[in-house]
């Protein structure tokens, strides 16, 4: 996965520039005030800092829609241009008005980077390490602050520190960022799929994953084009066909699904069941043992998956290639894929392949209503359905590729399609495709003796063993009912480009799953900003001065300004190992677990700061306790409440409206940032420092309760599966409310 890691590092430089700028303006503001004589003009002084916030807020209002139209990569390029231009203008800045304009340009770059870098990383990262990679912007942002503080501290030791040089040196890393975004970063494969540029998307995925077989993920990206839908949770027991004798009996009444393998015969059979899957249990009963009834159904559904992952760490069935995959040596139905030979030309350049209208390469759908060539010689089941996939499709890879990973989509999930035929009331046949996301329930069982008896581990499914699986079943994103009614054979789905061409719509935000996800994202951004980080930053110099740190540094010959910068440098340095630990835990413990464990530490730190104001243990002891509380608060914040809201916001929305929804969340972030920044002095005057920290501790308590009740665990899950869970959970909650 080195390709995805390198791309993430390059994209995260945008956040490094943001951290660099934040630290630089804080360190250079004193020198700016002296040169322009702003001591008596606090409004102008505040504007110098606030212009970047204003610029970020302005650009965020349209960044999502523009990113959905132009793409993620062009917006990151524009962000680097804003950074570069602003640094040159700040380096020049003959007066305060030009400086304000430069700060506005800088804010435009910051707004685009903060909004789109997490989005870009989520759309390119593998599910298994998406949390780690999406924590990297927090790490690079703090690294940028540390490097900037080091630079400003070194300059403060000179006889005539130049604030223009402090601010203008940003042009060097911004130029590097521009070169990387222009020549190294690929476009998001998910965005390419929404525009029907399948060949480019496949090439990008192959580069990011470091392998040629990306068939399953390409199919997943196509399925992610839809928004909402009627998703149901089903349960299956899957095993060899000879384990289910009634399958061969035409008179049997039990529905079953034949899973066809490369040997031109049914290799496995899936039978619906109930009561065995924890996911199905949660879906039916709406609650689970030891889980409060107040907890949102979405949280319970996600939790049921993570509590039952296979202990062996395998991704779904060990012999999955023989169960679902269609081998590359299968005969091809030439009526399906008129463009299949295009993909077989491995030496052709992508730009040549897509030089014409990309829709020309998408006239065949992912699944056709015709049975596959493999199925034609096999009698259809007496009743039930067939579940299969097409390895030969232009979306699922070219002939000759191995089938082993053809339907694996990450995080233990696999993608397949179910073709059903039912007899309508009037005697006519009604047929259609459904999308199925399968997930192993963690244990292998044996039907012999007891269908639910556990088998002692092992990575290979032997004769007689069956697997319990939960499945999310819904209508395919490419399905179009009127086409199904017009013809009995041939393509029954619209091309992906037609589905993606619809673009984002405000009405999509009213879909229950999207609406609930948006509520989670917006509330998390609000609670994060009101959790006290700005107040603690404001108070830090004061308590460190009380601790005698300033006096100690003054004895070493440092000025008050240099001492303050050195203190900030050390605090920023302490954050880096904590963020590194969070990166490691993000995909192990998970986002929800980190929030639930770090927010109580924030509450305790704030309460200790409040108590230190009432209990007099001596100035030295009180200052030491306050200093320790501030350090613990910072370290806990950057491990949880700092990066996780942005990570979750980049994961929980459908592809078609992801840019729009993330823009709404980012706009909420910047508005709350402005409110908190400018309300803090007023709050200090009205309720004092103790009251401010008391309010912040109350907000953190509310945040913990909200996370416990409403925020699900998304670690290791494909983005497209996450929104399916939100859709199911939202509809369950709505049904429970109506009942």
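Note that the numbers count up from 1, one per residue, in the order the chain is shown.
Glycine is no exception: its Cβ is also placed from the backbone N, Cα and C atoms.
Range 368-387 is the one annotated as region 'Disordered', of 368-387, 388-407, 408-427, 428-447 (source: TrEMBL). Range 163-185 is the one annotated as transmembrane segment, of 163-185, 186-208 (source: TrEMBL). Of the two recorded stretches, the transmembrane segment (74-92) lies close to the transmembrane segment (163-185), with three or more CB pairs under 8 Å once pairs fewer than 6 apart in sequence are set aside. Predicted-model confidence for the domain 'Major facilitator superfamily (MFS) profile' (7-715) is 75, expressed as mean pLDDT. In this chain, the transmembrane segment (627-648) lies in contact with the transmembrane segment (133-157); the count of Cβ pairs under 8 Å, excluding pairs fewer than 6 apart in sequence, is at least 3. The stretch from 163-185, 560-582, 594-615, 627-648, 660-680 that makes the most Cβ contacts under 8 Å with the transmembrane segment (98-121) is 660-680. Counting residues 6+ beyond its ends, the transmembrane segment (686-709) has Cβ neighbours under 8 Å at 292, 294-296, 299, 523-524, 527-528, 530-532, 535, 539, 592, 595-596, 599-600, 602-603, 606-607, 609-610, 613-614, 641, 680 in the same chain. Within its own chain, the transmembrane segment (627-648) has Cβ neighbours under 8 Å at 114, 118, 122, 131, 134-135, 137-138, 142, 520-521, 524-525, 528, 531-533, 536, 539-540, 543-544, 547, 549, 571, 574-575, 578-579, 581-582, 585-586, 591, 594-595, 597-599, 601-602, 605-606, 608-609, 612, 665, 669, 703, 711, 714, counting only residues six or more beyond its boundaries.
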